[in-house]
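**Student:** Attaching a single structure in structure tokens format; questions to follow.
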4 protein chains.
Amino acid sequence: MAQFDKKIQKIGVYTSGGDAPGMNAAIRAVVRVGISQKLEVYGIHNGYVGMIENKIEPLQLRDMANIIQRGGTILKTGRSTEFMRPEGRARAAQNIKNLGLDALVCIGGDGSFRGAHALWEEHQIPVVGVPGTIDNDIFGSDKTIGFDTAVNTALEAIDRIRDTAASHDRLFIVEVMGRNSGFIASHVGLAGGAEEIFTPDANTTVEKAIDRINEAKSRGKTSSIIITAEGQKPGRAYDLADAIRKKSGMDAKVCILGHQQRGGSPTAADRILASRMGAAAVDALFKGYCDVMIGTEGERLIQVPLDLVYKNEKKNQLDLISLASVLAT
Amino acid sequence: MAQFDKKIQKIGVYTSGGDAPGMNAAIRAVVRVGISQKLEVYGIHNGYVGMIENKIEPLQLRDMANIIQRGGTILKTGRSTEFMRPEGRARAAQNIKNLGLDALVCIGGDGSFRGAHALWEEHQIPVVGVPGTIDNDIFGSDKTIGFDTAVNTALEAIDRIRDTAASHDRLFIVEVMGRNSGFIASHVGLAGGAEEIFTPDANTTVEKAIDRINEAKSRGKTSSIIITAEGQKPGRAYDLADAIRKKSGMDAKVCILGHQQRGGSPTAADRILASRMGAAAVDALFKGYCDVMIGTEGERLIQVPLDLVYKNEKKNQLDLISLASVLAT
Amino acid sequence: MAQFDKKIQKIGVYTSGGDAPGMNAAIRAVVRVGISQKLEVYGIHNGYVGMIENKIEPLQLRDMANIIQRGGTILKTGRSTEFMRPEGRARAAQNIKNLGLDALVCIGGDGSFRGAHALWEEHQIPVVGVPGTIDNDIFGSDKTIGFDTAVNTALEAIDRIRDTAASHDRLFIVEVMGRNSGFIASHVGLAGGAEEIFTPDANTTVEKAIDRINEAKSRGKTSSIIITAEGQKPGRAYDLADAIRKKSGMDAKVCILGHQQRGGSPTAADRILASRMGAAAVDALFKGYCDVMIGTEGERLIQVPLDLVYKNEKKNQLDLISLASVLAT
Amino acid sequence: MAQFDKKIQKIGVYTSGGDAPGMNAAIRAVVRVGISQKLEVYGIHNGYVGMIENKIEPLQLRDMANIIQRGGTILKTGRSTEFMRPEGRARAAQNIKNLGLDALVCIGGDGSFRGAHALWEEHQIPVVGVPGTIDNDIFGSDKTIGFDTAVNTALEAIDRIRDTAASHDRLFIVEVMGRNSGFIASHVGLAGGAEEIFTPDANTTVEKAIDRINEAKSRGKTSSIIITAEGQKPGRAYDLADAIRKKSGMDAKVCILGHQQRGGSPTAADRILASRMGAAAVDALFKGYCDVMIGTEGERLIQVPLDLVYKNEKKNQLDLISLASVLAT
């Protein structure tokens with residue numbers, strides 16, 4: 001966390017990393033709160049890519065019309081390898097300064113915040129972060145923008161798959177997003193009534209899963225759903241299906257939900273979260289705070305230093321997985 | 001809050017008051033956690049009506065199959081005037097005792113908890129409450145079961161209405177549920193990008209609303225949506241439309257969303273909340289706690305004495321309404 | 001039906017009357033098929049209002065990006081009393097001629113086609129009609145654009161209401177759109193499992209409805225849903241509820257679904273229908289046909305003279321209502 | 001087609017092959033129309049598997065409550081290799097006769113109808129077929145039960161994926177169901193605005209797809225979606241992505257929508273189609289017709305001899321693919 005003492009007049013906003021539903025609501029909040037406070041607000045396209053390539057344009061109130069309900073990000077997003085190098089960041093910083101932007105709001109995840117922190121450390125550009133990622137794996141915030149929507153999208157798919165599983169007396173393995181994190185898997189698993197949940201952090205084993213399914217069968221349950229986070233690479237569900245087949249002879253169908261989890265109209269919770277966080281980010285800049293992320297703690301908004309955010313790992317709620325296990329009996 | 005020192009073996013569960021999506025998920029959690037702990041669990045039908053009429057039946061694991069995703073309540077609900085009288089409660093208590101039920105879980109709102117408290121006070125029947133109502137107006141819990149679903153259902157309707165409003169350059173007044181409370185209105189209004197929000201607790205006036213709409217028009221916005229909570233009686237939106245017409249000559253179309261806000265498959269958040277609360281209720285009874293409600297404070301579950309719950313009023317987040325106002329510019 | 005022998009080079013497209021989901025998909029088809037055939041395509045705003053006020057602008061391929069999935073109409077719609085008078089039409093026709101538009105595509109309903117016919121009769125402006133209305137009450141086409149979406153939107157609401165009806169053992173009267181037509185009511189009633197369906201053309205009576213509900217009760221059914229078309233004015237459901245109460249003592253809850261039935265992202269069927277019809281309209285103009293509407297007969301597209309369309313009334317499928325009655329037993 | 005002259009008193013109904021949304025609505029119609037005509041109706045579980053294993057039970061009016069809106073099939077379905085052999089069919093036929101069932105209604109696809117035809121040919125058991133499959137690939141019927149729902153489910157996923165594609169300027173290849181048939185792909189592709197559509201029957205090539213995408217890029221379009229039917233085996237999308245990468249260097253993301261397309265609450269169109277077809281099947285049996293399938297031709301129901309159905313192949317509407325190609329420019 002840091003403080004700067006310049007009165008801001010022009011700010012920029014960008015989305016970075018994977019897109020998440022609700023990013024548009026956050027952009028809208030930054031722009032409209034900013035303009036209501038007499039700021040000029042600029043949109044930086046494609047994240048750090050556009051910052052380096054100087055794809056930056058002024059945003060007006062009317063540009064924000066009719067976007068609160070849209071998935072994706074109207075500013076587009078991107079991943080820049082060039083920005084990882086000091087020269088890339090210097091070029092980006094120069095563009096920001098040339099345009100006279102006094103401060104930035106960065107909507108993204110860990111990698112994006114690392115870049116934002118560097119902009120402050122190396123070039124004294126004040127940045128406030130807003131956590132936007134469907135994975136919910138951001139230290140310092142109970143919730144991230146897009147997570148609620150992604151979980152509900154995955155849940156709808158699972159509700160549908162259960163119809164087929166029940167009609168055919170089948171075992172399904174459904175793979176949801178989450179490389180290093182199991183938040184989507186644990187939430188969807190509990191909400192979807194899954195028999196077993198595999199995440200990078202839970203200690204579920206194939207043997208336990210087979211035991212549980214056999215136990216369920218003995219009680220008369222003829223179909224089951226296992227949820228797995230994608231883990232190191234998409235396609236983990238196929239490996240799980242193989243392992244289950246080899247150890248038990250049971251045949252499992254695989255569904256990989258994939259990128260549909262990223263899109264779609266944001267839920268009410270995500271729109272509200274994004275609106276509040278976007279407004280709070282501008283407010284923080286007004287008060288001279290920077291190098292922080294806006295987070296939530298319960299219903300309250302808090303500020304967390306950016307380096308704390310990306311240097312720490314958020315723990316998944318493993319109790320949800322235990323609860324799911326009891327409730328799916 | 002109170003403690004009792006009997007080891008429980010048989011418990012009952014009931015839903016009471018207005019139905020809310022997620023009640024089934026809560027029932028499922030009570031039954032499955034209960035049975036996993038070797039309890040017998042009984043379902044009481046139609047709330048206090050069934051308690052008086054002795055409509056009480058044992059529930060098994062399999063009765064809970066395939067209900068987590070269903071709206072409404074499989075135990076049905078009801079409102080009993082007889083239970084408001086001591087003789088009614090005595091009759092209900094006698095039925096509970098005749099069946100040998102050691103404790104109860106009550107899923108409902110303020111009125112239901114008042115009854116639950118009386119069962120403990122007058123007849124020493126231990127009850128734990130679980131807040132289930134779409135209105136979110138329960139003191140002691142940030143969130144109630146069903147609220148998130150109701151807000152999303154209303155939001156979908158508003159997103160649709162906006163298509164028509166924009167195509168016809170019209171003003172719409174949309175009435176959402178909430179007699180004494182403005183939670184749905186404020187959340188839906190912010191998430192739906194409404195120009196103005198009327199709730200029982202906010203100080204919006206017809207004059208202000210007209211000013212805002214005229215102002216929006218002068219900026220080129222040709223359609224607007226006003227959200228209002230139903231207030232004392234459904235149909236308030238018609239009165240608002242009349243007042244606006246009289247004072248400004250503007251013609252407003254009215255939509256009353258009505259009972260569809262009560263039903264539907266619960267969202268992930270409501271299923272998870274209900275599952276956790278149902279489990280926590282059984283857990284509390286195991287530890288000998290009663291006369292309390294399970295509530296949430298941020299991500300954590302807490303226990304709140306029942307009389308505190310129904311004697312206090314939960315304040316709406318009026319800052320959401322101010323924020324909505326800035327963001328709809 | 002008529003033929004004209006001018007080779008078209010510039011055409012205009014407009015939406016008129018009530019908006020319907022899928023109108024954007026039809027506009028997109030007209031524009032993109034037109035441009036692919038080297039035409040210039042102009043968009044006329046607010047229907048005949050914009051034709052009179054000369055709110056007409058060229059449309060490009062990119063203007064059509066990302067609209068196929070959006071409800072409402074990007075060209076907006078309107079109802080013009082001025083256009084009902086010869087002078088109004090003359091002014092509109094002059095604007096069309098001044099711009100050098102060779103022909104028009106009109107997306108709308110009966111009233112819009114009456115106007116289109118007049119443009120041809122009085123001013124020799126060739127017009128092809130595309131039936132866009134949620135009511136499905138257009139003679140000469142099995143289906144109209146928007147009907148499928150409206151029915152599914154109403155159905156979702158009814159599925160939700162059924163949850164509450166069942167949880168409370170209640171009778172609900174749900175009012176769907178349709179002033180002079182019962183298409184939405186009959187389709188939604190059958191698909192929603194309604195106990196009784198009131199439409200302007202069916203001979204359901206309050207007495208019969210009461211009998212059916214009592215009969216259902218005697219078979220153990222404790223909740224019922226009645227669907228009614230709005231008829232002469234919205235609010236008919238309240239009158240029905242009163243009549244039922246007076247004659248039977250039964251209390252009924254009323255839901256008026258209202259304008260949400262007009263909006264929302266169009267279903268696949270509506271997007272496909274709109275795309276095919278829009279393309280066929282341009283194709284018809286290319287071949288020199290005008291004063292016709294593109295309709296469907298089963299899977300095939302047909303051409304129907306405009307005056308036949310608005311002078312005839314399309315009959316509702318009353319057998320759906322009888323079937324619904326048998327199936328709701 | 002055949003006729004039999006026994007007056008029916010007891011009938012059986014079963015679902016067979018892949019499950020499809022709307023099968024429950026069809027079962028409901030068979031049962032309720034049957035009982036309204038004083039028939040006894042039996043449900044055969046798991047298709048031909050249950051017919052052989054004698055898993056057959058009487059169905060009552062109340063068993064049909066609340067199923068019209070549910071995906072899957074309450075009778076479950078199955079695939080029986082034993083039934084493909086004469087001895088298997090003999091055993092099944094014996095069970096039917098032992099129970100005194102006079103006739104059957106078979107809800108399924110080509111394979112199921114082949115079996116139904118054999119029951120009539122070899123054992124004189126009258127069967128009427130109802131086409132239930134998401135693939136729509138049944139000769140003799142414009143539409144099959146479940147197709148409309150599957151297309152809409154896939155479309156929702158594609159709308160979501162487009163959000164991400166647009167935010168990242170990416171090419172996506174989305175694989176929908178359809179082994180030997182391209183109906184889902186062509187309909188979803190047109191409705192979803194896909195740039196290119198691969199089906200088993202269309203002559204799209206990787207080279208053409210690359211050309212189109214490059215052409216779109218040159219017009220400023222930065223993201224594209226290709227739809228492919230799964231073809232011979234699920235996973236074809238990966239092969240396509242490889243081929244595109246090798247030939248053009250373009251990187252494509254792959255999404256395989258999978259089994260979620262089978263489930264979910266049926267659309268209005270599917271519920272209505274299923275209700276009408278189920279009723280018509282019982283009606284046909286009453287009139288002594290058998291060995292036929294109920295089909296649709298436009299809005300009308302028709303009867304088609306079972307052997308015609310499974311011996312012929314239904315042609316996909318390739319004009320939808322050409323139209324999609326023009327409209328995605």
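Glycine is treated like the rest: Cβ placed from N, Cα and C.
These figures come from a predicted structure and were not determined experimentally.
Pulled these from TrEMBL:
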ACT_SITE  D:Asp135  active site, proton acceptor
BINDING   D:Gly18, D:Arg79, D:Ser80, D:Gly109, D:Asp110, D:Gly111, D:Ser112  ATP binding site
BINDING   D:Arg28, D:Ala29, D:Val30, D:Val31, D:Arg32, D:Arg162, D:Gly193, D:Ala194, D:Glu195, D:Arg219, D:Lys221, D:Thr222, D:Ser223  ADP binding site
BINDING   D:Asp110  Mg(2+) binding site
BINDING   D:Thr133, D:Ile134, D:Asp135, D:Arg170, D:Met177, D:Gly178, D:Arg179, D:Glu230, D:Lys253, D:His259, D:Gln260, D:Gln261, D:Arg262  substrate binding site
DOMAIN    D:10-285  domain 'Phosphofructokinase'
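Just tell me what is around each of these and how deep it sits.
**Tutor:** Under the three-state DSSP scheme, D:Asp135 (active site, proton acceptor) falls in the coil class. For D:Asp135 (active site, proton acceptor), the same-chain residues 6+ apart in sequence whose C-beta sits under 8 angstroms from its C-beta are D:Gly18, D:Gly109, D:Thr144, D:Phe147, D:Met177, D:Gly178, D:Arg179, D:Ser181, D:Phe183, D:Ile184.
Cβ-based neighbour count (10 Å, all protein chains) for D:Gly18 (ATP binding site) stands at 23. Taken residue by residue with DSSP, D:Gly18 (ATP binding site) is part of neither helix nor strand, so it is coil.
Secondary structure at D:Gly193 (ADP binding site), as computed by DSSP, is coil. For D:Gly193 (ADP binding site), the number of other Cβ atoms no farther than 10 Å from its own Cβ, over all displayed protein chains, is 25.
DSSP assigns D:Asp110 (ATP binding site) to a helix in the three-state reduction. Around D:Asp110 (ATP binding site), the C-beta neighbours below 8 angstroms that are at least 6 residues distant in the chain are D:Asp137, D:Ile138, D:Val309, D:Tyr310.
For the recorded site, D:Gln260 (substrate binding site), the DSSP three-state label reads helix.
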**Student:** Go through the binding-site residues D:Arg32, D:Ser80, D:Thr133, D:Glu195, D:Lys221 for me and flag any whose C-beta is under 8 angstroms from a C-beta on chain A.
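**Tutor:** Filtering D:Arg32, D:Ser80, D:Thr133, D:Glu195, D:Lys221 for a Cβ under 8 Å from chain A leaves none.
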**Student:** Any idea what DSSP makes of D:Lys253 (substrate binding site), helix, strand or coil?
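**Tutor:** In three-state terms, D:Lys253 (substrate binding site) counts as strand.
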**Student:** Out of D:Arg79, D:Gly111, D:Thr133, D:Lys253, D:Gln260, point to the one nearest D:Gly193 (ADP binding site) in space (Cα versus Cα); all of them are binding-site residues in the record.
**Tutor:** D:Lys253
**Student:** Taking Cα atoms as reference points, which of the binding-site residues D:Arg79, D:Glu195, D:Lys221 is nearest to D:Arg262 (substrate binding site)?
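**Tutor:** Answer for the nearest of the binding-site residues: D:Arg79.
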**Student:** If one looks at the chain holding D:Arg32 (ADP binding site), which residues at least 6 apart in sequence have a CB under 8 angstroms from its CB?
**Tutor:** D:Leu61, D:Met64
**Student:** Among the recorded positions D:Val30, D:Arg32, D:Asp110, D:Asp135, D:Gly193, D:Gln260, state which ones have a Cβ less than 8 Å from a Cβ of chain C, giving them in sequence order; state 'none' otherwise.
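**Tutor:** Near chain C: D:Arg32, D:Gly193.
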**Student:** Using the alpha carbons only, what distance in Å do you get between D:Ser112 (ATP binding site) and D:Lys253 (substrate binding site) once rounded?
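**Tutor:** About 37 Å separates the two Cα atoms.
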**Student:** Pick from D:Arg79, D:Arg179, D:Lys221, D:Arg262: which of these binding-site residues has the biggest number of other Cβ atoms within 10 Å of its Cβ?
**Tutor:** D:Arg262
**Student:** Given the binding-site residues D:Arg79, D:Ser80, D:Gly111, D:Thr133, D:Gln260, find the one whose Cα is closest in space to the Cα of D:Val30 (ADP binding site).
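**Tutor:** Comparing Cα positions, the candidate nearest D:Val30 (ADP binding site) turns out to be D:Thr133.
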**Student:** Just jot down the residues in the same chain as D:Gly111 (ATP binding site), at least 6 apart in sequence, with C-beta under 8 A of its C-beta; none if empty.
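**Tutor:** Spatial neighbours, sequence-distant, of D:Gly111 (ATP binding site): D:Ser16, D:Gly17, D:Arg79, D:Tyr310.
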**Student:** Hey, which of the binding-site residues D:Arg28, D:Lys253 is the loneliest by Cβ count within 10 Å?
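**Tutor:** Ranked by other Cβ atoms within 10 Å, the binding-site residues D:Arg28, D:Lys253 bottom out at D:Lys253.
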**Student:** Over the span of the domain 'Phosphofructokinase' (D:10-285), how high is the average pLDDT in this prediction?
**Tutor:** 95
